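Features of the protein shown, as given by Swiss-Prot:
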type     : residues                      : note
ACT_SITE : HIS453                        : active site, phosphohistidine intermediate
BINDING  : ASN67, TYR486, ARG582, HIS610 : ATP binding site
BINDING  : ARG393, ARG423                : Mg(2+) binding site
COMPBIAS : 714-733                       : compositional bias 'Basic and acidic residues'
REGION   : 703-733                       : region 'Disordered'
Amino acid sequence: MDSIQAIAPEEKKPELELDSAIRASPERFINRELSWLHFNRRVLEESVNPGHPALERVRFLSISANNLDEFFMVRVAGIKAQVREGITERSPDGLTPSEQLVLINETVSDLASDQQAIWRDLRNMLAGVGIVLIDGKDVTKAERSWIADHFLHNIFPLLTPLAIDPAHPFPFIPSLGFTIALQLARTSDGKPMNALIRMPGKIDRFLRIPAASKDDPVRLITIEGATSLFINRLFPGYTVKGQGAFRIIRDSELEIEEEAEDLVRLFETALKRRRRGSVIRLEIEAAMPAELRAFVQRALSAADDEVLLVDGVLAMNELSQLTRLDRPDLEFVPYVPRHPERVRDHGGDVFAAIRQKDLIVHHPYESFDVVVQFLQQAARDPDVVAIKQTLYRTSNNSPIVRALAEAAEAGKSVTALIELKARFDEEANIRWARDLERAGVQVVYGFLELKTHAKLSLVVRREGGSLATYVHTGTGNYHPVTARIYTDLSYFTSDPIIGRDAARVFNYITGYAEPSDIERMAVSPLTLRNRILDHIRGETTFARNGKPAAVWMKMNALVDPDIIDALYEASQAGVSVELIVRGICCLRPGVPGLSENIRVKSVIGRFLEHGRIYCFGMGQTMPGPKAAVYISSADMMPRNLDRRVEVLCPLQNATVHQQVLEQIMVANLKDTEQSWRLLPDGSSTRMKAAKGEEPFNLHNYFMTNPSLSGRGKSLKESSPRRLTRRSERQPPA
């Protein structure tokens, strides 16, 4: 299929429109913010999963807390801004910003309470396996002596005691800043004074106390707990009358002016403004005296509905530091990614492996090193004349950046499109941009009004008197660290048509010229939305004409109303719709008369499901060789379809097509051990294997079964276990 022509046959039956009242009702959508909170609930549930080792359960708890922090910094901050501006426009599900805030606060209150309850259970569990977290009152005499010495030499120099009075006003507290508030009385005359101690942000939260012997339990105390033992050293001559910790979250959205002469300088200024964003959430220890609590709230101008009293630990995201303890018995068994055998068959020559035929690399089961190797080989190959590369997020000391710099220093034409608007990575991306420019790379920042989220690399090589192109496109970032824990797909091809399409995408980004002649790829905000809609409508037509019709989609989020409505219409026509949505899903599945043919599941497990795959039956039974199969950087959200540059790439090589459709998608649909079924009300329930079925864990399957396209000669000796779904073995109704 060289183009997108003939997605569906001509309509032969009258259109079956959904009832107009149902189509117009906002109740057909689940609220985006509440759906996200349901997703974070699923993450939190992994912290009570008895199948996970203890420290992995702590990790899931910390992830759920970190997720919630970012939700407030971005989503809640945006809704609060709408309320301040008097905006009453309703969300697709019919709620005003104020109504959404009420529901968010109710849901978050329950979620935060459950996080603390789970932590209390996990803390007891850790104590049972030799990891004990102690409070100041639990410190022994010998431990206090060691803590005192450590405090004096390693913590005391970092602390600045701050008295609060007319000469010393309440200081600025940064977002996520952790602070101890104090009520003090001068020993000499009893004069009261309020004071603060800011906890330093560059040292570990948990202090490990040396054990008497290697067989003794590990005992840890928080840095604030250690500091509380020695407040008299910070405020000599004062007595502590009351104290408590607090933590704030600030608005972290960036406001960028549309007219800007220097984009980098503009972002640097905006980042400075972000650090001083308004307070969105104030977390206060419940044990803090009421008078001191009121003082802190008043000083930070926090409204009552922005204050959360915490009966437990603050900054729960920092519990992830506990996973650094050397206790492999309490963690997942380490997994070492495979390297594609086909690359080894060619002596490590990535270009030769790609020339043989297209290749899909499935991360993290297959190493991201092959992507790095692709660019390193391009940098050192004298026949490579040009490299074009997008960068949205990458790692510290990035080998991707080093390879691009090396190529430029070797005299090759290198263009790097760096997205400055990658949230929370803006400063790092500015740094990479300057480093690359110094190396001679042509750095481009793309569109001011659009984020460039596409994952695309184009290498141009001189071969036999002409130029050949090698393309990498994927579903995940060029980030070696996250590639070890995110499941993503890397697609390599030397197909000249894909090469031309990739070149046109780069020209669009660097030259602003809209491409009118892209042959196979689809690009947002230009054609990607319509390509997906055309396919869904095509399957709808197949169903109405009595042919097999199916839509399989895997993504991180499904929010776009037009896509959802098209899926509803497909369901009404009898299309079988299977959706794997890790996070937000605004579609209501299984509603009679609306979506009874739509099933939605979410996979939450050891690895973070991140790949986007879109499959359409094309009038044949799924999975089948004639299906249209795509991978993409885009989720089905308005921001991806309308406000970002994204790429949707078809997979046409038979082996690659089979691997993605019949191995990866089937495994995701088959999974029962890490899957949740989305219910019509937006909540979800854990899936279980059907009666007579063996439980199936897709992550375990891919850790123990090699891929198809990367096997090379080894495929003749052994191939991955073929997967079948229960529905495939049942006769059609």
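A Cβ is built for glycine as well, from the same backbone N, Cα and C atoms used for every other residue.
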DSSP state at ARG393 (Mg(2+) binding site), helix/strand/coil: coil
Local backbone state of ASN67 (ATP binding site), from DSSP in three classes: helix
Remaining residues near the recorded ATP site, that is with C-beta within 8 Å of the centroid of the site residues ASN67, TYR486, ARG582, HIS610: ASN556, GLY583, LEU608, GLU609
Spatial neighbour of HIS453 (active site, phosphohistidine intermediate) that is closest, considering only the binding-site residues ARG393, TYR486, HIS610 and their CA atoms: ARG393
Euclidean distance between Cα atoms of ARG393 (Mg(2+) binding site) and ASN67 (ATP binding site), Å: 18
Listed in sequence order, residues with CB under 8 A of HIS610 (ATP binding site) and six or more positions away: THR475, GLY476, TYR486, THR487, ASP488, ASN556, ARG582
Site of maximum Cβ density within 10 Å, from recorded positions ASN67, HIS453, TYR486: HIS453
